[in-house]
Amino acid sequence: MTDLLQDLNVYLVGMMGTGKTTVGRLIAQHLQYGFLDTDDVITKAAGKTINEVFAENGEEAFRNLESDVLSQVCAYTKLAVATGGGIILRRRNWSYLHHGLVVWLDAPIDVLYDRLAADTTRPLLQDADPKEKLRTLAAGRQALYSEADLHITITHDETPEQVAQKIITAIPSVLKSNISLN
Ligand SMILES: Nc1ncnc2c1ncn2[C@@H]1O[C@H](COP(=O)(O)OP(=O)(O)O)[C@@H](O)[C@H]1O
Ligand SMILES: O=C(O)C1=C[C@@H](OP(=O)(O)O)[C@@H](O)[C@H](O)C1
Ligand SMILES: [Mg+2]
């Protein structure tokens, strides 16, 4: 499996709350890869929280930082990368993501809402109706997420370890089909 991947980075994309950060760490352990979360890198580089970046600099500035971080991360290999849910919004980011294997974690809105209802660290969900906000964001992003190499659907009762295992099991199928296309 690790041979098949040829040190390619694995990028997890998907809506807030799908478990990119949690599952990304497990994927890294399985693959004996390093782990990186683009939000963590932004937080460290900016010296403030994601909430503070949004509040003080705005979403556009956050998206610029996100693109900068991704452009630097894609120069490395053997990384499992948890991205922020909006990374797919910028076309330029796809040229970086496609240096590696892009995995879309896809979970029902109810699951995302249950996980994030009490969370205050997602500025885009600090809204009068966070569930509706999740629906709107997901609807607007669906077509972009579907550009990922691998689509992993998550049900409400799957543990992070089960999701990681599902990804690890599915990866060879995409790599094989890529090879036969070339
Ligand atoms: N498979 C899962 N089952 C239950 N809770 C989960 C699962 N994956 C993630 N979580 C929880 O959901 C919340 C959001 O997970 P996180 O990894 O931060 O998602 P993301 O990075 O996609 O926004 C966290 O509290 C995390 O512990
Ligand atoms: O979906 C989004 O636009 C965002 C998702 C967040 O990351 P997670 O997907 O890890 O929650 C974080 O990057 C920021 O709050 C914006
Ligand atoms: Mg995350």
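Counting starts with 1 at the first residue shown.
Glycine residues also receive a Cβ, built from the backbone N, Cα and C atoms like all the rest.
Look at TrEMBL and you will find Gly17, Thr18, Gly19, Lys20, Thr21, Thr22, Arg122 tagged as ATP binding site. DSSP classifies Gly17 (ATP binding site) as coil under the three-state reduction. Taking the Cβ of Gly17 (ATP binding site) as reference, residues of its chain lying under 8 Å away and at least six apart in sequence are, in sequence order, Ala107, Val111, Leu112, Tyr113, Arg115, Leu116, Asp119, Leu134.
The annotation Mg(2+) binding site is assigned in TrEMBL to Thr21.
For Asp39 (substrate binding site), the same-chain residues that are 6 or more apart in sequence and have a Cβ closer than 8 Å to its Cβ are Thr21, Ile50, Ala82, Gly84. What TrEMBL lists as substrate binding site is Asp39, Arg63, Gly85, Arg141.
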(message) Cβ within 8 Å of the ATP site centroid (Gly17, Thr18, Gly19, Lys20, Thr21, Thr22, Arg122 excluded): which residues?
(response) Gly14, Met16, Val23, Ala82, Gly85, Leu105, Arg115
(message) Need the DSSP three-state call for Gly85 (substrate binding site) to compare against my parser.
(response) coil
(request) Using C-alpha positions only, work out which of the binding-site residues Arg63, Gly85, Arg141 is nearest to Thr22 (ATP binding site). (result) Gly85
(request) Grab the ATP binding residues from the record (Gly17, Thr18, Gly19, Lys20, Thr21, Thr22, Arg122) and give me their largest CA-CA distance in Å. (result) 15
(request) Select one residue from Thr18, Thr21, Thr22: among these binding-site residues, choose the one with the most other Cβ atoms within 10 Å of its Cβ. (result) Thr18
